[in-house]
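The block underneath contains the structure these notes are about, expressed in structure tokens.
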Amino acid sequence: MESSLDRIGRPWGGRTPYGRHEPWPTRVDTYLEDGVGPDSVQRWVQAASILHSDGDAMDIAVVDGRMVGVRGRSVDRVNRGRLGPKDLFGWQANASPDRLTGPLVRRGGKLVASDWDTAMDLVVNRSRELLDGRGPGSVGFYTSGQLFLEEYYTLAVLAKAGIGTNHLDGNTRLCTATAAEALKESFGCDGQPGSYDDIDHADVIALFGHNIAETQPVQWMRMLDRLEGADPPRLVCVDPRPTRVARAAAVHLAPRVGTNVALLNALLHEVIRTDRVDHDYVEAHTVGFEELAARVEDCTPEWAARICDVPAARIEEAAELLGTADRLLSTVLQGVYQSHQATAAAVQVNNLHLIRGMLGRPGAGVLQMNGQPTAQNTRECGADGDLPGFRNWQNDAHVADLASVWNVEPGTIPHYGPPTHAMQMFRYAEQGSIRMLWISGTNPAVSLPELARIRSILAQERLFVVVQDLFMTETTALADVVLPAATWGEKTGTFTNADRTVHLSDKAVEPPGGARSDLDIFLDYAARMDFRDKDGAPLIGWHDPESAFEAWKRCSAGRPCDYTGLTYDRLRGGSGVQWPCDEQAPDGTPRLYTEGINWAHPDVCEDYGKDLVTGAADSAVEYRSLNPDGKAMLKAAAYLPPHEEPDGTYPFQLTTGRTLYHFHTRTKTGRAPQLRAAAPDVWVEMAAADAGRLGFAEGDLVEVRTPRGALRGRLRITGLRPGVVFVPFHYGYWDTPSGTGPDEGTPPRAANETTVTDWDPASKQPLFKTAAAAVTLVRRGDGQVAPAPTTTASAPSVEGAARPTAGGPAAYAWQSAEAARTAREDAS
Ligand SMILES: Nc1nc2c(c(=O)[nH]1)N[C@H]1C(S)=C(S)[C@@H](COP(=O)(O)OP(=O)(O)OC[C@H]3O[C@@H](n4cnc5c(=O)[nH]c(N)nc54)[C@H](O)[C@@H]3O)O[C@H]1N2
Ligand SMILES: Nc1nc2c(c(=O)[nH]1)N[C@H]1C(S)=C(S)[C@@H](COP(=O)(O)OP(=O)(O)OC[C@H]3O[C@@H](n4cnc5c(=O)[nH]c(N)nc54)[C@H](O)[C@@H]3O)O[C@H]1N2
Ligand SMILES: [Mo]
């Protein structure tokens with residue numbers, strides 16, 4: 001039975017209900033462009049989604065060397081055939097006529113068309129000049145969570161052992177630095193403990209600052225299917241906005257923005273007070289319980305209710321669910337990670353699981369989520385500054401081990417201090433010690449906080465900026481050299497989703513014009529720089545994706561993220577596989593820590609931990625005395641108020657985030673007609689009570705102002721927490737008259753005009769979720785409505801206040817509830 005649905009208007013498609021402990025049924029979603037039927041598709045090429053961290057497996061339909069659609073892969077453990085709206089429609093951006101097809105270089109102040117030799121020579125000459133004149137600390141690399149594993153590994157080797165710089169980080173700093181840090185703080189090592197399969201088994205699912213319905217829509221379909229099946233789970237949602245998750249929750253807590261630690265401490269207080277503690281587990285596997293219990297002793301629900309402004313009774317209800325769950329699954333994302341106490345809060349969720357012994361069993365797991373599709377690889381390959389394979393930069397044995405993998409002297413690999421985080425790299429560029437910044441796969445002129453500052457840093461004459469992208473963006477506009485990249489669908493490689501599932505994504509079509517894969521660009525640079533190992537052989541001995549993967553396998557051997565059991569062949573045809581995958585676990589590993597904590601011993605841990613308040617790094621000696629046997633660490637934290645609180649001038653709490661239909665700075669989703677039409681421009685969300693008090697109406701043009709800057713958007717009145725304003729951060733300027741930033745003809749609209757340069761002390765993740773703002777009227781809407789979707793958290797509080805979001809015939813996609821075509825795919 002197949003049916004066709006408007007997947008803009010019905011983003012989660014039809015239901016396939018299933019009961020607890022049953023397997024999630026298959027449903028294959030297919031979208032083919034107008035005029036193409038399944039029979040006319042010449043090849044289906046295996047891939048996985050690159051527009052969120054879910055890892056939805058799909059096949060790309062190809063006709064005459066052109067992508068014409070996508071179909072979910074029913075054999076895959078992650079999505080069992082389902083696709084979300086961005087998966088279904090986003091691929092169309094690949095064929096956009098404004099793709100970059102050749103390098104550009106700056107001449108006389110203007111970017112002009114060039115060729116690869118000229119552009120690469122410029123980059124190489126500048127690199128050499130800087131290395132000779134100022135040393136490796138003058139060169140920085142700022143990469144992504146959207147390239148492939150093979151590319152990050154190559155970049156990490158060339159930056160650390162080739163250039164020898166400590167200035168290498170990803171936009172993962174803005175994204176999942178806190179996930180990594182919280183896992184290191186609790187378990188001594190990065191690595192996601194849980195599995196998406198836990199959704200099938202949990203009786204309580206708690207989501208902390210995670211709008212999964214919009215940001216991982218396929219796993220939300222899974223939760224929806226369980227909610228409609230036998231023995232459904234109860235959801236706990238902590239989010240100030242009325243997300244779809246909040247509306248489906250048994251308990252929804254909408255706290256004041258930036259108060260997660262207070263709330264979590266109260267939840268821990270209740271679990272301990274009512275003695276829902278698994279004392280055997282705590283005794284066997286943890287250290288620090290006494291300090292934690294003492295820290296939360298006074299954190300009663302009444303105390304937290306005053307700070308968070310949610311009823312104490314609601315906190316008690318949530319604690320009752322968390323405390324009595326038989327299998328608890330928790331997920332954590334940006335509502336926690338992009339806050340001033342990001343790591344402290346995320347760690348309290350780990351603590352909840354540890355004291356309840358809710359780990360390493362089906363349904364009992366924690367998912368410190370990733371956001372970007374390949375952020376896991378940025379981290380494990382060391383392209384976020386950490387050492388590859390979760391090695392510890394403070395542990396000389398780990399550095400020596402890595403040096404032997406690379407055949408370099410240990411002193412070649414910078415480990416004199418912590419890796420430079422992205423916010424610090426931009427500071428160094430501002431101050432002039434970094435003189436060359438190579439940006440790949442990220443658009444900081446829209447995504448970093450305080451954009452006026454970022455634009456001025458990137459525009460400096462003395463800073464040589466290289467940007468590697470698919471399109472002209474707000475960031476390429478400020479570059480000295482622009483390198484045109486081939487992307488997903490045009491190159492082969494692997495990447496790993498938030499639950500450690502490794503997928504292979506094959507090349508389906510040729511890249512446009514002279515665009516080259518990021519891997520080829522990095523390999524070309526390494527060859528031109530002539531980087532050598534200690535015996536004079538080329539430092540980088542691989543030449544294509546598969547040989548890069550094999551090299552990475554050697555680096556990952558024996559590490560927590562062991563890939564040695566995987567090959568490209570193994571990843572073709574069937575499902576993705578969860579690491580570690582090695583001789584002991586040839587089919588991969590569904591859950592970590594099933595038999596206790598195994599990567600926290602002082603000799604093996606990735607990190608000795610940090611002070612959650614100051615961020616100061618602990619030493620090996622301190623770690624060994626705290627945790628000699630390598631158990632999980634229960635780290636307590638006192639609540640601290642947000643750094644910027646509302647006052648008379650800036651009376652609102654400003655928070656920013658996402659909508660279902662767009663990805664980040666929209667370079668892809670803004671070029672997919674169905675997605676673009678669903679959410680065409682920025683808007684500002686406000687609670688009905690606040691709008692009423694100020695006399696604002698739906699569709700009024702308002703200005704949101706903070707001490708950093710302002711933006712303008714139309715008002716959407718929703719059911720969000722009074723006192724909060726929300727702005728989606730997707731809208732930059734590439735599709736406005738100015739193309740690059742606000743000017744006389746283009747009013748400011750990017751959320752990050754207003755956000756603050758400030759970060760969590762432990763993870764260094766910037767605070768996109770907590771600021772104070774003023775909102776003023778610019779112009780009456782006079783019947784206009786905000787360009788915000790109605791299917792999502794931005795739904796108007798008054799039904800019918802805006803026309804329902806719909807995609808029409810252009811958005812119809814097929815879905816089959818049967819286990820449809822699972823044939824081995826033609827990837828030739
Ligand atoms: N559609 C879509 N999906 C995406 C992406 C995308 O751009 N678009 N990006 C991907 C990436 S890289 C990421 S990182 C993820 C992010 O995925 P999410 O974290 O789910 O998305 P956000 O909208 O950034 O933030 C989630 C929620 O945090 C809430 N929040 C704000 N302040 C607080 C607070 O103080 N406490 C709590 N508890 N909650 C708060 C917001 O109301 C919001 O609903 O999404 C991934 N998936
Ligand atoms: N205010 C606010 N700001 C935020 C956030 C927030 O919630 N609020 N969230 C933060 C988070 S979690 C994230 S992840 C960041 C995301 O911020 P960015 O990483 O800046 O956003 P993207 O639009 O994904 O930028 C990716 C760029 O890489 C290009 N690209 C895509 N594929 C490829 C490829 O294969 N190769 C190359 N070379 N380029 C490619 C795209 O065209 C695009 O220009 O934003 C952060 N900023
Ligand atoms: Mo992210």
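Heads up, the Cβ atoms here are built off N, Cα and C, so glycines get one too.
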Examine the ranges 162-188, 378-404, 783-809 and name the one recorded by TrEMBL as region 'Disordered'. 783-809
Restricting to the same chain and to residues at least six past its boundaries, which positions have a Cβ under 8 Å from a Cβ of the region 'Disordered' (738-761)? 177-178, 181, 337, 339-343, 421, 423, 445-455, 472, 474, 477-478, 610-615, 643-644, 654, 656, 681-682, 704-713, 727-729, 731-732, 767-768, 771, 773
Lying 6 or more residues past either end of the region 'Disordered' (1-24) yet within Cβ distance under 8 Å of it, the residues of that chain are 31, 80, 82, 84-85, 88-89, 199-201, 203, 213, 217, 220-222, 224-226, 228-233, 362, 660-661, 674-675, 677-678, 791, 804-808, 811-818
Please work out the mean pLDDT for the residues of the domain '4Fe-4S Mo/W bis-MGD-type' (42-98). 98
Per-state residue totals over the region 'Disordered' (1-24) - DSSP helix, strand, coil: 0 helix, 5 strand, 19 coil
The region 'Disordered' (783-809): DSSP-derived helix, strand, coil residue counts: 2 helix, 0 strand, 25 coil
